[in-house]
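Here's the structure, in structure tokens; my notes come after.
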Amino acid sequence: MKLFKSSTSEQQLESLRSQKCEVKCEAEHVVPKPGCARVDPCRVEGPQDTQKISQKIIEGKTPTPTEVINYFNAELKKRICFLDGGMGTRIQAEKLEEPDYRGDRFKDFNEKDANGVPVSLKGNNDLLIFTKPDMVKDIHKEYFAAGSDICETNTFNGTSVSQGEYKMQAIVHEMNKVGAELAKKAAAEVTKEEPHKPRFVAGAVGPTSRTLSVSPSVEDPSFRNVTWDELVAAYKEQVSGLVDGGVDMLMIETVFDTQNCKAAIFAVDEYFRETKKEKLPVMLSATIVDNSGRTLSGQTIEAFYVSVKHCNPFTVGINCALGAAQMKGFYKKLADMNTGWCHVYPNAGLPNAMGGHDEDPEIFSTNILDYAKDGLLNFVGGCCGTFPSHIAAVCKKVEKCPVRKLPELPKYPTMMLSGLEPCSVTDETGFQWVGERCNLMGSAKFKKLVDAYKWDEAMEVCIAQCEKKADILDFNFDSDLIDGQTAMSKFMKLCVTEPTVAKLPFMIDSSKWHVVEEGLKCVQGKCIVNSISLKPGEEEFIKHADLCMRYGAAVVVMAFDEKGQAATYEDKVRICQRSYRVLREKLDFPPEDIIFDCNVLTIATGLPEHNSYALDFINAVAEIKRTCPCVSFSGGLSNLSFSFRGLNSLRDAMHTVFLHHAVPKGLNMSIVNPGGLPRYEDIEAKTRKLAEEVILNKSDDGTLPVKDGQSQRVSCSVFLYLP
């Protein structure tokens, strides 16, 4: 007799998602301790001392980050604020030649590239900071005079990675410092003329010419020509120069690979932690490559936002790529989900056949007006092909339009994850399948392929998980036969280049922290780390949680403490509530990014103390959900039925029955083999009844009968009919 009828992956997932959570949380949020709260710069309220700020700028000083934030938070309630235009195309209009880029300082420069060809400096616009400083300053001044509140420094390629292509990496810190000082001088001159409207400088941090998410090699999709650590070091050096030069904020811009952007975010955070200086406001700006609305590395604009929002940016927006008319739909999607300020600075239309841009100031400003009339703008400017005249036209055109208002924040935010596309984990979206087959402990086939370094065949296992409707993919490479860190790096780099796989969020799973961190350095989307716990002590727990937050990852917290694993209902609740308090009080960890694994333990072992394990898990989930706002829950189902290894149909039936009772209590994700679980209603009635008795601990002795002609009690939890 079959224990259940077969069903498709779609039917199984639909059945699980038809079950809605019955437990509601109305508890108040745990408040971070003094000095531990993360600041939302868009909602800081304080005095707007325009006169004091202007005087500082005129004197060549830098307002404090708090003063800058207070100023713009007040202004943005009253009016749209303005960025500058396209620095690169404005410089191109000067028709400079090689001697202009060399100047006196570099006239004898004679470096050669890897092929022995003399390096040309023409086109290295950042060098003009040294060789044409008055021209650079005057261009900044033109944009300020046209109405820009903020101008970016001429440091788009101001990293050692980019300058290394010109053999100029040795002058990067000086380049950024001097570039900032030139823009500050321009700001001072215009602010002196118009002290009622102070002018500010954003340090431009470009994407570099290299990418962490895309291979430059056709033969090897896992190859990269730059590492995360190299990019972080390069960005940190650039930030140091910009801060030393006095910038008021940082603009990480023209992001075509979100992982590069995350490296820049990490570098900014590291710099300010190490220097203990007050952190500058950070502006993030993505660029989409065509009308698909995706970045070069494949993310939608929504997925980009989810991947970077962990840094509490002052603004998030879109620049370059398309003209304003083509960009509006994608920008609106961003504006609709962005909880902070938004910006947009498009090109002056799509490039024409000659590489120029056809939109004059009137056409460009009319297209921007279309945004402004709909109340979509906070900051607006221009990118390639936009000159001071374009900015002046925009300022005039949108002068009387309403400014975009900050959205109201929900009291109970929900988890957002991302791969190439966003993934919302809410009561409405329902249960999430975490595919287990790319875990060396979850698939013998996958383990065999990885141990043999058969990466292409291992990828087929991964793709099959996607085709079976996995929502999230779990990756674990803990093995005695391979180097887990190397394997994690190799396979993650392969996965992010395979669109079918890369569209889903990843769960980076390892008991070794350096392996987890290696995975986080390779994936542009917002991942889940599986897992951390209080087992090694509170200090280590906080350290790992803090790093998860800095990498922009959600985290699975296991119900372990210094004394060991939580087995009883009381211990599960106690340890998880303590973990929650530590994360919230000491780190202000986003509560919606906390996932508790309350330990699914084996039942029906014949030992009485194990009889309530399943019910304790279910009840603990309900209590923790009720008392810890916004959290999610996960669990590995295979432990539940470990007493019946080899009886796979029986185990699948038990897992479905367990989920049928756990999901309404709050369990909203589980590590499973997608497509391998029957629907609850398809399980044979007597099997279902008996499985429920053992899972809900209604059996007298925690066991159920097995029939083989004679009925007897054994350590088994289903009614088996043997031939």
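Every residue, even glycine, has its Cβ placed from backbone N, Cα and C.
Just so it is clear, the model here is predicted, and its values are computed rather than measured.
The feature Zn(2+) binding site is assigned by TrEMBL to C320, C383, C384.
Sequence annotations record features per position, and here TrEMBL assigns domain 'Hcy-binding' to 69-398.
Here TrEMBL flags 431-692 as domain 'Pterin-binding'.
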Given the binding-site residues C383, C384, which one has the fewest other C-beta atoms within 10 angstroms of its C-beta? C384
Suppose we draw a 10 Å sphere around the Cβ of C320 (Zn(2+) binding site). How many other Cβ atoms does it contain, all chains included? 22
Please work out the mean pLDDT for the residues of the domain 'Pterin-binding' (431-692). 96
Sorted by sequence, non-C320, C383, C384 residues with Cβ within 8 Å of centre, Zn(2+): G86, T89, T254, T287, N319, A321, Y345, P346, N347, G382, G385, T386
